[in-house]
């Protein structure tokens with residue numbers, strides 16, 4: 001196997017050296033990939049032994065209310081000035097039928113994910129006379145388009161920095177050799193490179209020089225989250241908990257977790273393993289134990305990927321080459337049927353490397369990801385109010401939970417989804433909505449309780465303007481039945 005690694009690295013390095021695009025960034029990417037690939041070949045068997053998994057000690061996952069009970073300091077600006085907000089901005093909007101970075105999709109009142117993020121931080125900085133910068137971790141897929149759009153924020157009172165995550169080669173599943181013929185990104189090489197997951201943040205952030213720069217400016221912690229999680233705003237109570245710790249017991253890593261529901265059974269969870277707090281992902285679970293992993297009773301919380309991490313600790317671990325994250329092997333099919341694998345890591349998997357790591361069980365409202373148009377419908381509706389870039393559940397909603405919404409394939413792409421709603425329905429009293437087939441909604445429709453609308457193939461259902469559907473099933477022949 002090690003001979004295979006040596007041959008692979010020789011092949012890749014020859015291509016790198018002969019390429020006109022060979023630069024210091026490419027060489028750092030190569031070194032990072034060589035280390036990851038070498039580790040991949042050395043892994044034998046599952047990365048966890050199920051019998052060694054234990055529930056985390058009670059004090060290792062604190063309830064948010066306990067953190068909040070400590071209150072806030074008199075000078076909030078002092079705490080904020082130690083903070084940097086980092087958004088993971090490497091993803092494209094292709095799953096929602098959009099071109100370019102996902103962060104540039106409009107989600108509310110013509111505001112994009114990026115607009116809302118900038119508004120949130122600008123509001124913090126103005127309110128507390130603070131200087132919280134925004135850092136975007138882009139990928140080669142999103143960097144150019146993101147940098148073009150950043151010009152519009154010049155006068156928004158937020159310093160914005162960017163850095164790029166690495167670019168690694170996809171590997172032929174059979175030969176374990178790189179598919180790329182050279183370092184080019186176009187033509188037949190368009191599909192052979194990939195950004196290696198958000199676990200790459202540590203090395204890329206360090207290699208960019210930005211981490212060192214921010215430490216020199218007096219910054220101590222980063223708050224990292226996915227840019228499409230609209231619940232991931234700066235929480236002053238968690239920040240205060242971090243910066244108020246005594247020096248000898250400084251918490252270097254906080255993972256926000258929240259209670260698992262049946263919709264979250266595949267989400268990563270925190271466990272105790274070899275005396276350390278550790279993230280367990282479903283990909284690491286032996287097949288015989290997958291159902292146990294999905295159990296809401298045994299593993300009660302899941303990772304929101306809202307993380308608070310010490311900058312100086314990242315620097316130390318990078319320089320000691322001590323950042324250890326499990327490898328995720330992600331199979332893909334490219335170029336008309338070629339089976340490849342890409343090696344990735346997850347940012348939360350590094351929790352075991354940091355001192356005094358902690359989980360905080362936060363309200364569900366801090367986990368509001370927009371992955372599909374079903375999610376988009378929720379955040380565009382009157383279930384939420386928007387203020388200073390932040391979405392909060394409407395006080396007129398009697399239940400704290402969000403409705404379960406499932407839109408069919410006719411709604412998958414954002415542009416088509418938008419044409420099917422003359423206006424977003426009133427959903428304040430909705431519990432469950434399923435829509436399938438060719439369905440459109442008129443203006444000022446109200447949905448309450450459980451509503452199921454199914455247009456059969458070849459049929460079309462137009463919900464008339466002003467309709468109020470409460471506990472109804474609407475079928476393909478336009479019959480409206482009580483549910």
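Each Cβ is built from the backbone N, Cα and C atoms, and glycine gets one as well.
Taken straight from TrEMBL:
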type    : residues                : note
BINDING : 102, 165, 197, 228, 371 : UTP binding site
BINDING : 198                     : substrate binding site
SIGNAL  : 1-21                    : signal peptide
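TrEMBL feature annotations superimposed on the structure.
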residue: 102; record: UTP binding site; Cβ within 10 Å: 24
residue: 165; record: UTP binding site; Cβ within 10 Å: 27
residue: 197; record: UTP binding site; Cβ within 10 Å: 23
residue: 198; record: substrate binding site; Cβ within 10 Å: 24
residue: 228; record: UTP binding site; Cβ within 10 Å: 22
residue: 371; record: UTP binding site; Cβ within 10 Å: 14
Over the residue list 102, 165, 197, 228, 371, recorded for UTP, what is the maximum interresidue Cα distance in Å? 21
Of the binding-site residues listed as 102, 165, 228, 371, the one whose CA lies nearest the CA of the residue listed as 'substrate binding site': 165
